[in-house]
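Student: Here you go, one structure.
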Amino acid sequence: MSVEDIFDVTRNVAISSPAGSGKTEKLARRYISLIIYGAEIEKIVAFTFTEKAAQEMKERVFKILKSEHPDIWRGYKDTPHRFRISTIHSFLRGMLLRFPYEALVDPEFEMLDETQTRLWFDEIIHDSLIEISRNQESEEHKTLKKLFLLSGNSWANLKSSIKEFFAKRPFSEAGFRAPSLPELFSNLQGDVRDRLEHLAKAGNPELLPSLASPLLQGGLQDIGEELAKTENDLRYLKKMFLTQKNEAYKKHKPGFGSCPEIFISLSNSIYHFSPLAETLLNEIKTFLFNILFKRTNERYEQKKMEAGVVDFADLETKALKLINENERCFEILLAFEENTDHILVDEFQDTNSFQWEIIKKFTEDWRSGHGYKMEKGVTSTIFLVGDPKQSIYLFRGANVEVFEKAKRELKNYAPKNFVFYEPPENYRSLQSIIDFSNFFFSKIMKRNNEEELWRTIYSPFEKKRALQDKGMVELLLTSDPELKKKKDRKRKEAETIAKRIKSLIRKEIVFDKSSLEEAEKKRALRYEDITILLRARTYLPEIEQALREYKIPYFVLKGVGFWESPEISLVRSFLFFLTNPFDDLSLYTILKSPFFNFEEEIFLKARFENGKNLFEQAECLLKKEKDSRISDFELLKQYLSKVDTVPVSYMIEQFFKDRNGWEFLWEPQQAANIKKFIKILEGYDKEGLLLGEICSRLANLINSSDESNESKANINVEGVDAVRIMTIHAAKGLQFPVVVVAGIGDIKSTNRNEGLLIDGNEMVLNPKKEHRLSYLRSEKQIEEVKRLCYVAVTRARDCLILSGFFEGGKGISGFNFLSSAIDEFQIKENGGEYEFNKNFVDGFGILSNSGLDRIYKIENDEKKPEGHLPNLIDEKVKAGDSGKLMQVSEGEEDFHHKHHTDPLLGVVLHKILELLSKGNLSRNEDAVRKKAESLVRFYEARISKEKEIVDEVIKHLKTLEENGLLDEVVITTNKNFAEIPFILKHNGRNYSGRIDRVVFREDDAFIYDYKTFPVEKGEIPALKNAFSFQLNIYREAVKSIFSPKRIFTYLLLTSSGKLIEI
């Protein structure tokens, strides 16, 4: 099949497009082919996976049209709204809004987000259970009573089981067949009962109670009535007649000597009987819980109807009912057909069965070759593109089988009108990564049974990237026989990763090109080129700690753990204290924090004072000792008095201002998290909630789910030289020069142990591992793990590092099915080094942590710069001296205010000059402009100011260049340092600051302090006077650190390109 065939706009197409093959480009090209063919733009519908992807798709289509078809582009450039490119959920929302009465939704319904959905259902469960428990005569109450017993007499367990059904919506709502009593079970039931009676009569009276069991005597209804007792009886029978391994006895058991043949026969019967009984009991429990879930869900639906809201699961279920069951469904489908000729679906491997059923229903006539369209001679097509090997959202309901089923269905309907294409090209990765992928995944991605559509099949890549360099694939193995605990091994492996990153920085192992026409050129590795991929965030603390210890800058992108982050916990404590001043723990947390910096001694002494709580006791102590910090308590009293009158979000902002909170929570992630929290509080304020209600809502929100799953605030890190850390799921669709996959031995199951398993209309709650659905889910999870590994490996462009813990003869710790492929490298440990078969993948290597230690030591010794900085703190500042710490880089605000210049210009320009000085930024104007734009956004300036500030940065740099100062001071070949931090004790005071620039010429040091505001000639004397003390402190700091022969100090005026000696 040729590439041209996929752009034949008269045929249905399915493309299995592997990583790096230009999948999204193909969809954009198909879209443009339809426009060129003459299709009406309003009659082309394209579905993407996310809103962001939809916007990017529109931009890509417009970019191609502008470049290659300018006449067409001019016709659409002012009407982008005509392009129907959206997520399928947005499309379905529009459909429900068009037919609200038929869909039984409010004509102006709003969407419930995931958090609100979860909170609403938690409230509904609680209220429903209370209501049912009070109505003791109802059938619901009888069902509830049974389920309460089955839940170990625990309301928490009972609610948890119902939540399992809710979490699986819409699939758990799709219908459920009632359990049946199979004939085989009935036959075994009678056989077991007869043999038990025979043994009981032969002198084993302890068996008599079990004979009365509903499991042996009754039908389905009896078992349902006494389910808890029935489960106990089954456990008793298995314990009595099966071995500890749940196998049948081959010899008689002591105590049954009088009838050994009957005992052995009975043991065999129970061996076959018990799995069937357990399956039946599981089905009955599931059936009963499903009844209770449906009742609860009805109440939830009623509440949504009254509030005029819809959740995301509703979009699919209500849309499917609308086009399948509604009496006007034919009209609705006809309305769609009249307005749609072509459907394109991106990321089709992430589609679930509901979504495909909706698409199938919409295109029923198209695929059959009959109906309205054909009669009018209109060509209608479906275009599906995705990569089954990247289907990694099983836990969200994505079904990889849908891709293969869709392909087969399209082919069966009209084989001559269908094209399937699987491009082998990979435009992303270098040859060693391609070869490793082909070798590795061809071993583990196979389908022996063609009906097991959930198994993944691998097709080899072909490198299409022009660069001839092979690149690098490395297996980074950490080993330490002394480490037995998993946490210690993680910590050791994280340290190995940090060292490896340090050893690679500045090495020329990555490639760039400045334009499309130019060839790629090798360049030095920077931190921002490296991305560490994690299976789950459980590995994150060890990775972060190791990076901090080795002074490696990093960001956690799309990370989770928002509620448990220290800064959010701290602000929550402040809110909880305001709600309840008797909450001593929250008050203690606040006072001990940098907001107040109270020492432990205060709390110990306060306990001996009069007062009902810590607040009163501490206040009493401070008054008695006439401690100036009593003003802190007066401030807290002011906030307590405002609780019912001032919006909570405003109080938090004001508190940060009063206590200088942004000064110690300055890290970008911390600041972004606080701002996200304030946004959440603003939403609660708009709802009119009081502080007590807000705190209750927060507590419920955190307790109703895994608190670590709330995502941290997003940070704009474009252009920031720092390692990126993210999960493999978050990295999907992205690419990076260097990828480090951490903890490859821990990439096991993609899901938690699920309580409710669903396959079509078969559903079972908490099944035994022997159950068919348990086995099926386990196998599907293993396949998804393979796909997860595939996604991780194929993110790499130039270099791939796989990190794991090696256990000598046992291989890689926890590496399970992956070991079978890795084992073919025949890895052997020899004196801390690894020998392996190098014939499989050219460019593949193995590095041990001991081998890395030698490399790291040698390179550190060699890399020590001539001007290696000594300890910058001459004398430690004691905790009690913190109030005396003086900032010497202040005093510029008056000058900025006088000349009406934005202080942000100084912040951005200082960073640009630092990057230029350190060689981390090209002096090319486009590169500088891009970096400046990124910095303006990073520091969260107003968008309206962005262009003005960036233009001013470029203007200042050109002025410096014209006056020769860019080369003399900023980009100099002399020994130099930029942004030197220091703390200096001088005349009994501690001073801190950062020196913009120090350049050495022979034995003399030249200090430059950048001033970015405009300076008139008459202001120079005042300027010298204002900053002479600051430069004198800088002089003392440089003298203490470097001991130069002579020191010269200058103000460098970036606006005029002048030097003023101080």
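Cβ coordinates are placed from backbone N, Cα and C, and glycine is handled just like the others.
Among the features that TrEMBL reports, ATP binding site is placed at SER17, PRO18, ALA19, GLY20, SER21, GLY22, LYS23, THR24. For 1-430, the entry in TrEMBL reads domain 'UvrD-like helicase ATP-binding'. Sequence annotations record features per position, and here TrEMBL assigns domain 'UvrD-like helicase C-terminal' to 431-733.
Each of the listed features needs to be described in terms of its position in the shown structure.
Tutor: In the three-state DSSP reading, SER21 (ATP binding site) counts as coil. Non-local contacts of SER21 (ATP binding site) by the CB criterion (under 8 A, 6+ apart in sequence, same chain) comprise PRO423, PRO424, GLU425, ASN426, TYR427.
When pLDDT is averaged over the domain 'UvrD-like helicase ATP-binding' (1-430), the result is 83.
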Student: For a quick check of packing: other C-beta atoms within 10 Å of the C-beta of THR24 (ATP binding site), how many?
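Tutor: If we count other Cβ atoms within 10 Å of THR24 (ATP binding site), we arrive at 17.
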Student: Have a look at the binding-site residues (PRO18, GLY22) and report the one with the fewest Cβ neighbours inside 10 Å.
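Tutor: The binding-site residues PRO18, GLY22 were compared, and GLY22 has the fewest Cβ atoms within 10 Å.
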Student: Cβ within 8 angstroms of the Cβ centroid of SER17, PRO18, ALA19, GLY20, SER21, GLY22, LYS23, THR24: which residues besides those meet this for the ATP site?
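Tutor: Counting only non-site residues, the set is LYS26, ASP387, PRO423, ASN426.
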Student: Counting across all protein chains shown, how many other Cβ atoms sit within 10 Å of the Cβ of GLY20 (ATP binding site)?
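Tutor: Around GLY20 (ATP binding site), other Cβ atoms within 10 Å: 24.
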Student: Report, as a single number, how many Cβ atoms besides its own are within 10 Å of the Cβ of LYS23 (ATP binding site).
Tutor: 22
Student: For the binding-site residues SER17, ALA19, work out the Cβ neighbour count at 10 Å and name the residue with the minimum.
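Tutor: Taking SER17, ALA19 as the binding-site residues, the minimal 10 Å Cβ count falls on ALA19.
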